[in-house]
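What TrEMBL says about this one:
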type	residues	note
BINDING	Arg49, Gly50, Ala51, Arg92, Gln199, Asn250, Lys251	substrate binding site
SITE	Cys160	site 'Transition state stabilizer'
ACT_SITE	Asp240	active site, proton donor
Amino acid sequence: METAFLQSVFFQNGILKILDQTKIPNVTEFLEITTIEDAWDAIKQLKVRGAPAIGIAAAYGLLLGIKNAPENSFDDFYIEFKKQADYLATSRPTAVNLFWALKRMDERAKKEKNQPVAKIKEALEEEAHLIRQEDEEVCRSIGTHALSLLKDGMGILTHCNAGGIATAKYGTALAPLYLAKEKGWNIKVFADETRPLLQGARLTTWELMQAGIDVTLITDSMAAMVMKKGWIQAVIVGCDRVAANGDVANKIGTYGVALLAKAHNIPFYVAAPLSTIDLDTKSGDDIPIEERDASEITEGFGKRTAPEGVKVFNPAFDVTPHELVTAIITEKGIIKGNYQVELPKLFQG
Ligand SMILES: CSC[C@@H](O)[C@@H](O)C(=O)COP(=O)(O)O
């Protein structure tokens, strides 16, 4: 039976609707966003999060920003369009899907250049819907490819949340788990809680439990022990950006998980749509890593857990070097070996 998914980002009657992921698992609430400023804030505050969902929200958010853009000429319209797109691009730096979606909208605007501006706005709405719809198909396809690496009864460890709510549907790293469930397999998932914002504890467990998938929550520091016990046969994570050499940026803590997997001889798989692969970024050293407010660590979820004034380092992502990545699973298939050579082939033809 196919799993029922909540759509976490969609656009209806000129309103951007976002499942507020900061409130899960306690409250399931949809925000109704009507301004680009609120769309920017929803991305910044992780109300909408996960690389593909951020891209979709940016495309829809841009529609809100250009609602009142001048319609007298393409040039005047385009000045405003660029201003609004550049503004949204400042919301978060690491997930390349944000920039990918804005670029796609930009290309569509230019393609429609000779149309009346009102028509260009309609075309842009169509493009944003396409970005969302295509992501559903892409994620399902990633799931199908990833499933070929798994077997009934396996233990899988995942970090952060790369599930249905982080995408249009199915997720990336979690997609094969939903497909395994459809086949009646019994996969045992171990979800790292994922400090400091607990995307694993709050979101991954919530999603998988709703789908009736066997999930066990562990703290990040328990991953080594669980691997040592022989409970994990594969690690699958999502990612925010794949560089041209195959280095991958994902939620802080992923690099540690990859090192642990290597030490225990467990394959470490990265699920990534083509929209997350950035051939213009040469290596992981060139990926901009977001640093977030210290309060996420010192008083996360409202309770102070460190002394006032303590120095804090709070990067939201880390980079796993390509040598630790067993394979990258994309909608076009599974790639491994020399990523520098294999990644560009995905974009040919
Ligand atoms: C399919 S989502 C892939 C990644 O975006 C995900 O693993 C992740 O690191 C999300 O970080 P977040 O800070 O919650 O947006």
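Cβ atoms here come from the backbone N, Cα and C positions, even for glycine.
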Entries of Arg92, Asp240, Asn250, Lys251 (recorded positions) sitting next to ligand 1, with Cβ under 6 Å as the cut-off: Asp240, Asn250, Lys251
DSSP three-state assignment (helix, strand or coil) for Arg49 (substrate binding site): coil
Residues that sit under 8 angstroms from Gly50 (substrate binding site) by C-beta distance, when 6+ apart in the chain: Asn161, Ala162, Gly163, Ile165, Ala166, Thr167, Gly171, Gly238
Three-state secondary structure, which DSSP defines for Arg92 (substrate binding site): coil
Rounded Cα-Cα span from Asp240 (active site, proton donor) to Lys251 (substrate binding site), Å: 8
Residue, out of the recorded positions Ala51, Cys160, whose Cβ gathers the largest set of other Cβ atoms within 10 Å: Cys160
For Asn250 (substrate binding site), the number of other Cβ atoms found within 10 Å of its own Cβ: 29
Cβ neighbour count (within 10 Å, all chains shown) around Lys251 (substrate binding site): 27
